[in-house]
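One structure is given here, and the rest of the page talks about it.
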Amino acid sequence: MVETRTVHVAGEHPYDVVLGRNLLGALPGLVGPDARRVLVVHPAALAATADVIREDLRAHGYEAFVAQVPDAEEAKTAQVAAFLWQVLGQADFTRSDAIVAVGGGATTDLGGFVAATWLRGIRVVQVPTTVLAMVDAAVGGKTGINTAEGKNLVGAFHPPAGVLCDVAALESMPRHDFVAGLAEVVKCGFIADPRILELVEEHAQTLTDPATAVASPVLLELIERAVVVKARVVEQDLREGGLREILNYGHTFAHAIEHVERFQWRHGAAVSVGMVYVAELARLAGRLPDEVVDRHRSILTSLGLPVTYRGDRWERLLAAMRRDKKTRGDLLRFVVLEDVGRPVRLEGPDPTLLAAAYAEVSEGAPAPSRAISL
Ligand SMILES: NC(=O)c1ccc[n+]([C@@H]2O[C@H](COP(=O)([O-])OP(=O)(O)OC[C@H]3O[C@@H](n4cnc5c(N)ncnc54)[C@H](O)[C@@H]3O)[C@@H](O)[C@H]2O)c1
Ligand SMILES: O=C(O)C(=O)C[C@@H](O)[C@H](O)[C@H](O)COP(=O)(O)O
Ligand SMILES: [Zn+2]
């Protein structure tokens, strides 16, 4: 039996992230007594769960609807958002009504964004069903969609009313999607919680198979630890005025890969390569010791995550990185580490350094040879 754990997210709009099994019974309580109508947004993979939720909401007196959206990044478009606005409009959703987003991070980002924009903001309850969405996307109130020019370029900060993480949902996950989510867990380890790294190092084999991972108490501990890292950051800096940028560790290069790959790469896989890229960048800038860079590669590789990317895309990656949200004017800004748990900013690194770090993560590069040291 898995006990239920709650991580409270403080701040102007406080809420709870509840972790455990068989939690859906708590959902009507989070939707709240003011709502009359509820729209349950889900991808095809979660259709059965969405139907169960709709029936439960109806049994509690709500007028509940479901809306199926495309899978993964196909959902994060202006067209799909417009489809949901149409559904809400035709069903007369008012400011006291609510959205429930059930799915991975793509669905929770979309559902959150539509909730943020409908009537300038209605309640959203997040029901994440992937590791990545439980530890990251569903928590913290960053919502958004992609455009042809890049990742999450349109969005809003809109904290959820609550987050329900039922770890049993993870049993049906394909292995590659499951481990992709662990990249964000590892990110939390490198930026803030070294115990996460030790746990992953000790239990990598268990963690790479969804069946063994879900049966293990280590997974729940990792999810909780990562949620705590995120909660402690976003409750201090919801709108990313400064501190919150640490959650973007590895993302400048990751989002560039996702854009160049037309959003066909899983976000977590791109974050894995992105963290190695920025670790190499920090090493080349004289900020990070070799052994911490090596630890990035060994931990991520032990989980079956990628640590290299094709070597013939530099110009396009660089152009995409210029549209990163941390960029200010022409100044590229990165979150780098000085050690485990010590994130700092690296602003306007020399272009030769940027290219040299790319060489270190390019497929076929002799990493970790320290071939280049500037
Ligand atoms: N808002 C944030 O703070 C934040 C943080 C991290 C990531 N993100 C975003 O989250 C997205 C990535 O999230 P993701 O990795 O969950 O991807 P995803 O939402 O694309 O889901 C991955 C795949 O798993 C399927 N799936 C979901 N739950 C399942 C289950 N229980 N069983 C079987 N299949 C299931 C989905 O249908 C999809 O095919 C990206 O768009 C990323 O930008 C946002
Ligand atoms: O919550 C945050 O802040 C993050 O940066 C978490 C990231 O893991 C996440 O992928 C986020 O969506 C990236 O944000 P963006 O502002 O770079 O689009
Ligand atoms: Zn991310």
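We count from 1, first residue shown onward.
Cβ coordinates are placed from backbone N, Cα and C, and glycine is handled just like the others.
Curation does not apply to TrEMBL; its annotations are automatic.
If you check TrEMBL, you get these features:
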type	residues	note
DOMAIN	68-178	domain '3-dehydroquinate synthase N-terminal'
BINDING	71-76, 105-109, 129-130, K142, K151	NAD(+) binding site
DOMAIN	181-327	domain '3-dehydroquinate synthase C-terminal'
BINDING	E184, H251, H267	Zn(2+) binding site
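Feature map: annotations from TrEMBL on the structure.
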residue: D71; record: NAD(+) binding site; DSSP class: coil
residue: G105; record: NAD(+) binding site; DSSP class: helix
residue: T130; record: NAD(+) binding site; DSSP class: coil
residue: K151; record: NAD(+) binding site; DSSP class: strand
residue: E184; record: Zn(2+) binding site; DSSP class: helix
residue: H251; record: Zn(2+) binding site; DSSP class: helix
residue: H267; record: Zn(2+) binding site; DSSP class: helix
Rounded inter-Cα distance in Å - T107 (NAD(+) binding site), H267 (Zn(2+) binding site): 13
Sequence-ordered binding-site residues from D71, A75, H251 with Cβ under 6 Å of an atom of ligand 1: D71
Output field, Zn(2+) shell: CB within 8 Å of site CB centroid, site E184, H251, H267 dropped: L132, D136, A183, K187, G250, A254, G268, A270, V271, G274
Pairwise Cα distance for E184 (Zn(2+) binding site)/T130 (NAD(+) binding site) [Å, integer]: 12
Neighbour-count leader, CB within 10 A, binding-site residues: T107, T130: T107
Those binding-site residues in D71, T107, D109, H251 whose CB falls under 6 A of ligand 2, listed in sequence order: H251
Residue among the binding-site residues K151, H251, H267 whose Cβ has the most other Cβ atoms within 10 Å: H267
For E184 (Zn(2+) binding site), the number of other Cβ atoms found within 10 Å of its own Cβ: 28
Same-chain residues at least 6 apart in sequence whose Cβ lies under 8 Å from D109 (NAD(+) binding site): K76, A137, K142, T143, G144, I145, N152, G155
Distance from H267 (Zn(2+) binding site) back to A75 (NAD(+) binding site), taken between C-alpha atoms, in Å: 14
Local Cβ density at G105 (NAD(+) binding site) - other Cβ atoms counted within 10 Å: 29
Binding-site residues: D71, E73 - member with fewest neighbouring CB atoms within 10 Å: D71
Integer mean pLDDT for the domain '3-dehydroquinate synthase N-terminal' (68-178): 98
